[in-house]
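Trainee: Sharing the feature lines straight out of Swiss-Prot:
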- F38, I39, I40, V41, H42, R109, T309: substrate binding site (BINDING)
- H295: heme binding site (BINDING)
Amino acid sequence: MKYPPVHYHDYLGLNPLLNAQHPKSTEYGKPAHDELLFIIVHQTYELWFKQILFELDSVLSTFQKPTVAESEMGIASARLERIVSILKLIIGQVDVLETMTPLDFLDFRDMLYPASGFQSYQWRLIETKLGLRIGDRLAYNQSPFYKSLSESQQGEMLNIMNQPSLHDSVEKWLERTPFLQGENFNFWDSYKEAVNKMFQDDITTVKNNPRLPDEEKAKTVAGLEQTLKSFDALFDEEAFNKLRAEGQFRLSYKAMHAALLIQLHRDQPILQTPFRIIRALLDIDETMTTWRYRHALMAMRMLGQKIGTGGSSGHKYLADATAKHKIFGDFFNLTTFFIPRSQVPPLPKAIADRMSFHY
């Protein structure tokens, strides 16, 4: 045998794992049956957070390279998709926790002060490494989020906050996307023409519709013209950067263009993996938002208007965080600039050939 035998129990470290639950209600001589469930669900969250961080660190190391090989992109995409699957799984764990009734929870809740899920170092690491900036977070008890962590964790978190996040690294990767402009082709010139033609055709159709009253025509045309105006930022870098400075965009002008190109031409072989990566990042943001929302609903169900054990406003804080804590919002907002696939300008043959595989 090449390696010495290993026992299942020892390999999984089950002795320390299964003896890591220490209910406070038992310690205080007032055993509450559901406290063990409460502990195990939260310990399971932390185990899954550890796996998410393991996958996330791998993806970060890939995208922080000056160039990313196609094979590495496939691996990164698969690991991001694994993170999505884990996040969906932990959302399902809320169902298990909700088998505990509010009265069951009150049997031991007062014994937990001031412990709070807000103190989860691993969850804060996940958010920060993905790219949730301190300015995009809700203040917690009028203090920065990291102040709820232990002193050693605060130092580590401040160090992580000063390093490039996945959002930062993906932005730089997008900026390196080729194909946006060729020797005799500028994608954005052709896309602008297609957008203008689509809206002008719609405006002409409305104006020539004999069944619409003049007032309705004017209102519809004004709406179409306003929507067309929203595309200005896409074609005017100065206008885009002004909106970006106001916080309406986070990605750079070049990165936004690349992300839109990938979405519009995702069926091209060379863009299929980049599209999977963008979709996985969207899914991560969405599932994290869903998990926060389920957490907020559970807090309302368990606590009503009571404050949280960590001193927060409970349900209200969680609901507000659900609405505010977004990371890849620009990818969601890209759909603003979509036009029907039938009207997307075709790529020149030379560029389409470069995007394709040949045998």
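Using N, Cα and C of the backbone, Cβ positions are placed for all residues, glycine too.
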Trainee: Going along the chain, which residues six or more apart from H42 (substrate binding site) have their CB under 8 A from its CB?
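Mentor: Result: G117.
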Trainee: Count the other Cβ atoms sitting within 10 Å of the Cβ of the residue listed as 'heme binding site', across every protein chain shown.
Mentor: 19
Trainee: Cα of I40 (substrate binding site) to Cα of H295 (heme binding site): how many Å, rounded?
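Mentor: With the alpha carbons as reference points, the distance is 16 Å.
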Trainee: Enter the number of other CB atoms within 10 angstroms of the CB of F38 (substrate binding site).
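Mentor: F38 (substrate binding site) is surrounded by 20 other Cβ atoms within 10 Å.
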Trainee: Calculate the distance in Å between the alpha carbons (Cα) of V41 (substrate binding site) and H295 (heme binding site), and round it to a whole number.
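Mentor: Counting only the Cα atoms, the answer is 13 Å.
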Trainee: Tell me the Cα distance separating F38 (substrate binding site) from the residue listed as 'heme binding site', rounded to the nearest angstrom.
Mentor: 14
Trainee: Take the Cβ of R109 (substrate binding site) and count every other Cβ within 10 Å, whichever protein chain it belongs to.
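Mentor: Its Cβ has 19 other Cβ atoms within 10 Å.
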Trainee: Write out the long-range same-chain contacts of I39 (substrate binding site), meaning residues 6 or more apart in sequence whose Cβ is under 8 Å from its Cβ.
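Mentor: Listed in sequence order, they are Q21, H22, P23.
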Trainee: Just how many other Cβ atoms lie inside 10 Å of the Cβ on I40 (substrate binding site)?
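Mentor: There are 15 of them.
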